[in-house]
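*Asks:* Can you keep this structure in mind? I'll have questions shortly.
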Amino acid sequence: RLGSVVAYLTSAKFLLYLGHALSTWGDRMWHFAVSVFLVELYGNSLLLTAVYGLVVAGSVLLLGALIGDWVDKNSRLKVAQTSLIVQNASVILCGIILMIIFLFKTQLLTLYHGWVLTMCYILVITIANIANLASTATAITIQRDWIVVVAGEDRSKLADMNATIRRIDQLTNILAPMAVGQIMTFGSPMIGCGFISGWNLMSVCVEYLLLWKVYQKTPTLALKSAKVEESELKQLNVKKESDMKPAEGVQLIVEKDVTGFEPQQEKEVGCAARIAEPFVTFRDGWVAYYNQPVFLAGMGLAFLYMTVLGFDCITTGYAYTQGLSGSMLSLLMGASAVTGIMGTVAFTWLRRKCGLIRTGLISGLAQFACLILCVISVFMPGSPLDLTVSPFADIGARLFKNEPLATMASPERVFATGLPNLLNGSTTPAYSDPEMSPEPVPLISVSLLFAGVIAARVGLWSFDLTVTQLLQENVVESERGIINGVQNSMNYLLDLLHFIMVILAPNPEAFGLLVLISVSFVAMGHIMYFRFAQKTLGKQLFVCRTPDPKAAPDSSPPGNTSTV
């Protein structure tokens with residue numbers, strides 16, 4: 001028994017989990033802390049945080065396909081090591097710059113009328129954005145490629161590994177911000193910067209070693225398709241309406257050793273062609289993504305990002321306006337993590353019972369049914385819904401009267417500075433101006449809202465895992481990087497649209513309308529997935545059966561475009 005435990009702890013699968021846990025822990029600490037740091041630096045204003053979020057979303061949207069193409073064109077170990085080093089080095093450098101700013105902010109303000117400090121802000125946001133792009137490359141290569149190779153041909157093992165990765169994500173999403181928040185609360189932002197820089201310095205060495213061990217224990221990672229043959233391109237770009245037999249679907253391709261591949265003599269390329277190459281790659285990536293047999297499933301997942309029904313800064317900010325304390329909100333976030341983990345368990349069970357595609361259908365129905373509670377909450381007592389109130393009326397009135405705007409505290413800042421309140425149960429005011437504090441309101445509406453959001457995460461994470469595995473199984477290996485890069489771009493695009501939606505209607509009275517729009521986009525996403533499932537399974541769509549664990553999760557009847 002001891003031997004089996006040792007064998008598991010030294011297996012490639014466990015080492016991959018451990019490396020992902022370290023990487024994700026550092027990521028979550030940094031993403032949480034950088035927003036708080038930017039708020040602290042800019043006089044408790046959300047301006048720098050908003051600029052940072054816009055830059056990050058825009059960069060991944062524009063460069064997602066190019067990052068994926070770079071992942072495809074280089075060996076797995078080189079991609080993983082390069083992205084790991086760039087990501088951690090960027091965070092370390094950013095932390096050092098932030099420490100310098102915190103130490104010498106007063107002096108920097110006097111240099112060249114504050115332009116030196118402004119350049120420091122720009123430098124911090126730029127380097128932090130580079131770290132995020134490197135993190136995107138790491139996620140694509142490890143979670144979309146390495147994990148498939150380590151699992152081999154066993155799709156049940158792949159499903160279990162995907163679920164375990166998501167459980168790690170759920171735990172680190174809660175624990176990492178709490179840890180760094182404690183350090184910043186009982187220490188200082190500068191100590192927080194130093195801790196994160198030190199953590200990344202130590203973590204990068206361990207992660208590098210773990211990657212190397214996984215690579216050594218999995219010889220097939222050294223094999224990678226050098227290019228896509230013409231026949232494979234035809235399969236990849238097959239039109240949705242064409243009739244094919246199941247045997248003619250997307251097949252696994254023969255792997256070729258990248259190290260032994262000798263490219264043909266490249267022709268001299270002109271300067272104009274080199275300049276146009278990134279744009280061509282961008283276009284080809286999106287075209288290839290559109291022509292994937294799982295395109296509608298991927299679009300369905302992306303549409304779920306167009307929502308305010310999550311535990312982001314928007315929903316938590318709304319909760320504060322409705323009178324929820326920091327302690328209560330922290331408990332709700334913990335509950336959401338628990339239901340997220342339940343979703344990963346439900347995914348593995350449903351997949352064994354009903355197959356992969358039907359799991360997505362059941363998960364989608366479960367999520368939408370729970371979100372009905374959010375719709376009901378909009379019309380319940382305590383809901384501030386009032387569409388007659390102009391979103392910018394209060395802002396305009398105060399600007400014309402030359403009065404200072406009441407600034408609502410950033411949820412990240414409240415969470416970081418209010419962690420002691422979690423222990424003693426005291427409340428954190430939503431507004432810095434006492435006169436603007438909302439009067440007590442019935443909690444029926446906000447209670448139903450968060451009940452629906454928390455319960456829906458079971459279906460959400462099960463659906464997310466379903467689409468993730470569909471992309472892993474059905475995208476040809478030599479295109480995994482670019483297709484998943486475009487998928488990330490789509491996710492960020494819809495996420496960016498949801499922030500724009502909030503900017504257009506920022507007042508609490510309009511939040512109910514945002515809830516209704518969000519539920520509508522979730523419904524459209526699941527309708528797209530239903531259409532994908534219908535085209536793939538046909539009349540067998542609602543026939544639930546127990547699949548062969550190592551076989552394809554669902555079999556396609558004649559006339560469908562792919563074998564999923």
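We count from 1, first residue shown onward.
Placement of Cβ uses the backbone N, Cα and C atoms for every residue, glycine included.
Feature table excerpt (TrEMBL):
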- 45-71: transmembrane segment (TRANSMEM)
- 83-104: transmembrane segment (TRANSMEM)
- 110-134: transmembrane segment (TRANSMEM)
- 294-320: transmembrane segment (TRANSMEM)
- 326-349: transmembrane segment (TRANSMEM)
- 361-380: transmembrane segment (TRANSMEM)
- 441-460: transmembrane segment (TRANSMEM)
- 481-504: transmembrane segment (TRANSMEM)
- 510-530: transmembrane segment (TRANSMEM)
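In terms of burial and nearby residues, how do these features look in this structure?
*Replies:* Outside the transmembrane segment (83-104) by six or more residues, the chain places 23, 26, 30, 34, 37, 40-41, 117, 120, 123-124, 127-128, 130-131, 134-135, 137-138, 141, 188-190, 193-194, 196-197, 200-201, 203-204, 207-208, 211 with a CB less than 8 A from a CB of the stretch.
Outside the transmembrane segment (510-530) by six or more residues, the chain places 296-297, 299-304, 306-309, 318, 360-361, 364-365, 367-368, 371-372, 374-375, 377-379, 383-385, 387, 389, 391, 449, 463, 467, 494, 498, 501-502 with a CB less than 8 A from a CB of the stretch.
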*Asks:* Pairs of Cβ atoms less than 8 Å apart decide it: which stretch in 45-71, 110-134, 294-320, 441-460 has the most with the transmembrane segment (361-380)?
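*Replies:* Looking at each of 45-71, 110-134, 294-320, 441-460 in turn, the most contacts to the transmembrane segment (361-380) are made by 441-460.
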*Asks:* Examine the transmembrane segment (45-71) against the transmembrane segment (481-504) and state whether at least 3 Cβ pairs sit under 8 A, considering only residue pairs 6 or more apart.
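*Replies:* As far as Cβ distances go (cut-off 8 Å, pairs 6 or more apart), the transmembrane segment (45-71) and the transmembrane segment (481-504) touch.
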*Asks:* Sort out for me which stretch, of 110-134, 294-320, 481-504, has the most Cβ pairs below 8 angstroms to the transmembrane segment (441-460).
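*Replies:* Comparing 110-134, 294-320, 481-504 against the transmembrane segment (441-460), the winner is 294-320.
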